[in-house]
Structure formats: structure tokens, C-alpha cells
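Just below is one structure, and these are the notes that go with it.
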Number of protein chains: 2
Amino acid sequence: MNDDADVTVEFDEDGLVPAVAQDAETGEVLMLAYVSQEALDRTRETGRAHYYSRSRDELWEKGATSGHIQTVREVRVDCDADTLLYLVEQDGGACHTGYRSCFHRTIEGDVVGERVFDPDAVYDAETDGEETTETEV
Amino acid sequence: MNDDADVTVEFDEDGLVPAVAQDAETGEVLMLAYVSQEALDRTRETGRAHYYSRSRDELWEKGATSGHIQTVREVRVDCDADTLLYLVEQDGGACHTGYRSCFHRTIEGDVVGERVFDPDAVYDAETDGEETTETEV
């Protein structure tokens, strides 16, 4: 996975970079999460989006609990090589709250996104939606 | 700018959150930069995208040097309220390298983005394109 031609990703002091997931078809920005070298390698090897949870301190595969996987069509890097863009096909919803995108609210609090599943039917009490988000607070 | 109805943004220990700028018309993801409370307030007050440079440790207005401003149509927050999405009208290019988007390369190094201006004609030697990026390395 480390061909000479690959862009060298500039991971931060914690070994992470932010990754934006965008729907490859509609262009909708779905979520932002963090990616380690291992998460990036797994993403490229499997074609399914992997991230690194800062709160749980572990690698996670999007959709492992919910089934709402992201099939990664392409990985892009920005000019500084310190941010990634995953172009994905999103099964179901990206957000653990049931919305297709995590960015379903304006800063004024208006809901503008589409709810596509019932989180209570997808996550049990134990996982509590943690699979698709990383609540740092 | 802090109406009761506004979503409370969860800035990190450095007082920042990442913000993704997306073209409101085309859906193209243009760049990711960081935003402080002051940058967010200035963005909402002026309708022009402001960010906070971690490398220069200062507030900056996108386009102040290049003229390639971002007119912000809407600010969205994600489910954890620790990432912002700016929906913008981008004048010229977002990237200091002359590309419309900072995400103009695949991780394999293939150029997939559109170059829309000549950076040598926009930035002088002194600013060296710093206005539109924040090189942390």
C-alpha cells in the first residue's frame, strides 16, 4: 500500500489526520472523522472506510455495527497532505442519530438533513451509537 | 451572534474546530481549515469565510490577499458540534497552488482537480501563498 508514487500523508503528533467523507454520487458531505496510518491502510486494502476513534482509542470500521458501510471509491489528499477526502458510496446513513449526514443542522439549530433510519432499531443500548461517532465531550 | 437557539460549538483544547468548505452550487469540497470562536463570529457577521491559522497563530480572512474570497451561504454543524461545514460561493480558487480545490490529488498522486489560476500571478514572494493554506510542517 506504500507505492513510491503515493503521496506521503502528514499525520499529526497523535498519528492522525482528519478525513472528510463525501457521497461520491450526490456530493453530500457526510461526516468528518480521524484516520491513522493503519486506518488508511485498511481502507485502501478493503475498499471500506476505516477510521480511528480518539475517544475509544481504537480503529473502527464504519458500518461494522450498523451495517451502514461506506464503500470507498477514491481517496484524495489536500495540498498540505494533512487532510483526506474519502469519496464513498454510503449504505444507509452516516450519522448515528439516523440522518444521512452528520451535518444535518445549521448553526442556528434548524434541521436541514434527511433522516433515513431509526437509531433505536439499529444500535442496542450497549453500543449506543458509538460506532458511527466519536463524542469527545 | 450568540442567540439562544444557536448550537453550542465544542471547540477543542486549543479553541479550534475543523471547518470543511464546500461549494454551495457544485458540491465540490474545496478545503479544510480551522476555526476559532472569533473566526466563526467574523464569518457570520461578514458573510465571508474566516479561519484561524495554527501555523501563524492568527485569524485570517480567505481571499484577503488573493481576492479569492468565500461568500458563506450557510454554516452547518455536525452531530457532535465539533466540526463545521461552510457552504460557500468560491471566487477563483480555494487552493494556494492555483487549483479550485485543495483536494486536487488522489492519494496515488494523480491530479484530478482543475487549475483555475496562476499562483505566481496572485501571490508575491513575501506572502508565498500562505494566505490560503497553513503548512504545519
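Cβ coordinates come from backbone N, Cα and C, glycine included.
Because TrEMBL annotations are produced automatically, they should be read as predictions rather than curated entries.
The Mg(2+) binding site annotation in TrEMBL covers A:D78, A:D80, A:D82. According to DSSP, A:D80 (Mg(2+) binding site) is assigned to coil rather than to any helix or strand. Sequence-distant neighbours of A:D80 (Mg(2+) binding site) (same chain, 6+ residues apart, CB-CB distance under 8 A): A:E10.
Summarising the annotation, TrEMBL assigns Zn(2+) binding site to A:C79, A:C95, A:C102.
Taking H, G and I as helix, E and B as strand and the rest as coil, DSSP gives the domain 'Phosphoribosyl-AMP cyclohydrolase' (A:31-104) the counts 10 helix, 30 strand, 34 coil. For A:31-104, the entry in TrEMBL reads domain 'Phosphoribosyl-AMP cyclohydrolase'.
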Local Cβ density at A:C102 (Zn(2+) binding site) - other Cβ atoms counted within 10 Å: 27
Binding-site residues listed as A:D78, A:D82, least Cβ neighbours within 10 Å: A:D82
Of A:C79, A:C95 (the binding-site residues), the residue whose Cβ has the fewest other Cβ atoms within 10 Å: A:C79
Separation of alpha carbons, A:D82 (Mg(2+) binding site) and A:C95 (Zn(2+) binding site) (Å): 24
